[in-house]
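Visitor: As annotated by Swiss-Prot, ATP binding site applies to Gln103, Tyr283, Leu284, Ala285, Asp286, Gln287. Look at Swiss-Prot and you will find His308 tagged as active site, tele-AMP-histidine intermediate.
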Amino acid sequence: MKRMIALDGAQGEGGGQILRSALSLSMITGQPFTITGIRAGRAKPGLLRQHLTAVKAATEICRATVEGAELGSQRLVFRPGTVRGGDYRFAIGSAGSCTLVLQTVLPALWFADGPSRVEVSGGTDNPSAPPADFIRRVLEPLLAKIGIHQQTTLLRHGFYPVGGGVVATEVSPVASFNTLQLGERGNIVQMRGEVLLAGVPRHVAEREIATLAGSFPLHEQYIHNLPRDQGPGNTVSLEVESENITERFFVVGEKHVSAEVVAAQLVKEVKRYLASPAAVGEYLADQLVLPMALAGAGQFTVAHPSCHLLTNIAVVERFLPVRFTLAETNGVTRVMITKLTD
């Protein structure tokens, strides 16, 4: 019988990522875990609908037994079974992030007995979670280099706080893992500005694009008008394609916040990324930790290791025989993964 891993949900940044990573790793390794103090660092601690959906999805996919799976719960015991591929559908029932639920269960399906399709309904454009276009255009090309083949499709947008969006991912079992080396970003090839509108006047998008164009040489710019019933909502994104990596940054518009202020937030974030030669942005770094750990080797550079990143690394090291080493040189942190030997 495998040992029970005890996790403190209050460690590090004390958010939901500790739970999501633990669920993924438990399904993959077969190791059960207990987590207490779930989301202790948040204003509203405990399981929200999004986190509960992730728990229920993980439970269904690996036929786990679970204790504490209810709204507001701050303690969970998860004992995984065998991961099985198939066609799965999960509904969050709020504007909670579809991509964060997918992020929880897809790694386990890389080890399933056959191909799978997972469809999640909820929020697609959420200020605190990566949108589907980030997964599709930034993360999945890097996963393919590691040997992980999955394809995400956004079927319907759902903006915070209403939700109603749908995202689906098709995934195949991994035959073998490759190592990923992301040392330098390289020269910028082109930059693309993109705005989504649903039930919002077009001039909002035009002003957002103008603000981006005032700071960066946009090679391409797009305005997408979505059906009104998918809103109201507005997201502005900027994609930076460099020689060795493509990064994408976004800001979700808010009521009573001007188009110029929304776009200026994005400009600030992109400038922070470009100020360093590091290849990987803050949010992508979080997404790379688990797949690169499963490969057992690799490295990437990031300007500043976030508390979120360090917390995620700590959880991964509890489940997998790997060690992460962080080395800072000239304002760039190199994150290196090595496999531990018995």
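Yeah, the Cβs are placed from backbone N, Cα and C, and that goes for glycine too.
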Visitor: Rounded to the nearest angstrom, how far is the Cα of His308 (active site, tele-AMP-histidine intermediate) from the Cα of Gln103 (ATP binding site)?
Guide: 15
Visitor: Listed ATP-binding residues Gln103, Tyr283, Leu284, Ala285, Asp286, Gln287 - what's their greatest C-alpha to C-alpha distance in Å?
Guide: 14
Visitor: So for Ala285 (ATP binding site), how many other CB atoms are inside 10 Å of its CB?
Guide: 25
Visitor: Taking the Cβ of each of the binding-site residues and counting other Cβ atoms inside 10 Å, which one has the highest number: Gln103, Gln287?
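Guide: Comparing the binding-site residues Gln103, Gln287, the most crowded Cβ belongs to Gln103.
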Visitor: Please report the distance from the Cα of Gln287 (ATP binding site) to the Cα of the residue listed as 'active site, tele-AMP-histidine intermediate', rounded to the nearest angstrom.
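Guide: The separation of the Cα atoms works out to 11 Å.
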Visitor: Can you tell me how many other Cβ atoms are located within 10 Å of the Cβ belonging to Tyr283 (ATP binding site)?
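Guide: The answer is 20.
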Visitor: From the Cα of His308 (active site, tele-AMP-histidine intermediate) across to the Cα of Ala285 (ATP binding site), what is the distance in angstrom?
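Guide: Cα of Ala285 (ATP binding site) to Cα of His308 (active site, tele-AMP-histidine intermediate) measures 9 Å after rounding.
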Visitor: When you put His308 (active site, tele-AMP-histidine intermediate) at the centre and draw a 10 Å sphere around its Cα, which of the binding-site residues Tyr283, Leu284, Asp286 have their Cα inside it?
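Guide: Tyr283, Asp286, listed in sequence order.
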Visitor: Taking the recorded ATP site as Gln103, Tyr283, Leu284, Ala285, Asp286, Gln287, identify the other residues of that chain whose CB atom sits within 8 Å of the mean position of the site's CB atoms, giving them in sequence order.
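Guide: Result: Pro130, Leu139, Glu282, Leu288, Val289.
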Visitor: Check each residue in the chain of Asp286 (ATP binding site) that is at least six apart in sequence and keep those whose C-beta is under 8 Å from its C-beta; list them in sequence order.
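Guide: Same-chain residues close to Asp286 (ATP binding site) (Cβ under 8 Å, separated by 6 or more) are Gln17, Ser306, His308, Leu309, Asn312.
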Visitor: State which of the following recorded positions has the fewest other Cβ atoms within 10 Å around its Cβ: Leu284, His308.
Guide: His308
